[in-house]
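Trainee: Dropping a structure here in structure tokens format, bear with me for questions.
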Amino acid sequence: MAPASKAEKKAAVDAAAWMFNVVTSVGIIIVNKALMATYGFSFATTLTGMHFATTTLMTAVLRMLGYVQPSHLPLTDLLKFVLVANFSIVGMNVSLMWNSVGFYQIAKLSMIPVSCLLEVVLDKIRYSRDTKLSIGVVLLGVGVCTVTDVSVNTKGFLAAFIAVWSTSMQQYYVHFLQRKYSLSSFNLLGHTAPAQAASLLLLGPFLDYWLTDKRVDKFEFNTASLIFIILSCTIAVGTNLSQFICIGRFTAVSFQVLGHMKTILVLIMGFFFFGKEGLNLQVVFGMVIAVAGMIWYGNASSKPGGKERKSHSLPTNKTETR
């Protein structure tokens, strides 16, 4: 196959993986918003445990059918991943509860520089000036769109700090473990999803009771709420898988930068479905800046020297035949 054809095929697969992530991520936000706002199912941590249980079932079925080959992930690496991943989930939920929406959005934006720092320190990645500037433009645009009231308190700042660092570490680990152990996205999910499902389903009801003062076992389920829970779990399988695919094919920083396109789409869809009272010149201006920054980042990071690893190689342990 000609090199040009290989490049075109890779670009097409990259675009498909990214679109898969955008569609499933936006879809699950809309479904969960309806589930919690309309039907009162406010047990976010328990729901996430259900998501990973459904993902575990999916990977088990694919393994039985022969679509996923056996692989190995050391217990120590698995435990480290599950620890930071669960801190990420709990930290984001607590941060949203304890902080203003404005400070919560600022915390989410800070994941990009933290992810950059992790890549620079741990992977010896070097960014060009244009790549750094384009990241700054994305941060500015999304900030203009989403940051309104900004107030901070000690416990809210602590929750946001834990959420930002654990989420950045979780996303770094996804890329790191896939490269180190030659794991596919399905393989890595097959190892991590059962442990996350078990831990979140065990601890989730207690954490949700602490956060909402409501017990999940007292929730009055009905047909409509069950349909939305099943729909949320089904879409979550795609969201979890597409996240692992995208971070594996790109990096945590690229996933964060381009991921803010989902923020823009959620805002736009919110205007269409929930009214246009939030649509103003500031929001539109921020969207334009953010999209321009994303396009600039895509061009800058793909150029020679835009984002490169210094003379540093990661040892790999081959665990499956590709």
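The backbone N, Cα and C atoms fix where each Cβ goes, and this holds for glycine too.
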Trainee: In TrEMBL, which of the ranges 115-132, 133-150 has the transmembrane segment annotation?
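Mentor: Going through 115-132, 133-150 one by one, TrEMBL flags 133-150 as transmembrane segment.
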Trainee: Counting only pairs 6 or more apart in sequence, are there at least 3 Cβ pairs under 8 Å between the transmembrane segment (133-150) and the transmembrane segment (281-300)?
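Mentor: Output yes: the transmembrane segment (133-150) sits against the transmembrane segment (281-300).
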Trainee: With a cut-off of 8 Å between Cβ atoms, can you find at least three pairs linking the transmembrane segment (43-66) to the transmembrane segment (156-174)? Only pairs 6 or more residues apart in sequence count.
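Mentor: With fewer than 3 qualifying Cβ pairs, these stretches do not touch.
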Trainee: Counting Cβ pairs under 8 Å to the transmembrane segment (226-245), which of 78-96, 156-174, 186-206, 281-300 comes out on top?
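Mentor: If we count Cβ pairs closer than 8 Å to the transmembrane segment (226-245), 186-206 scores highest.
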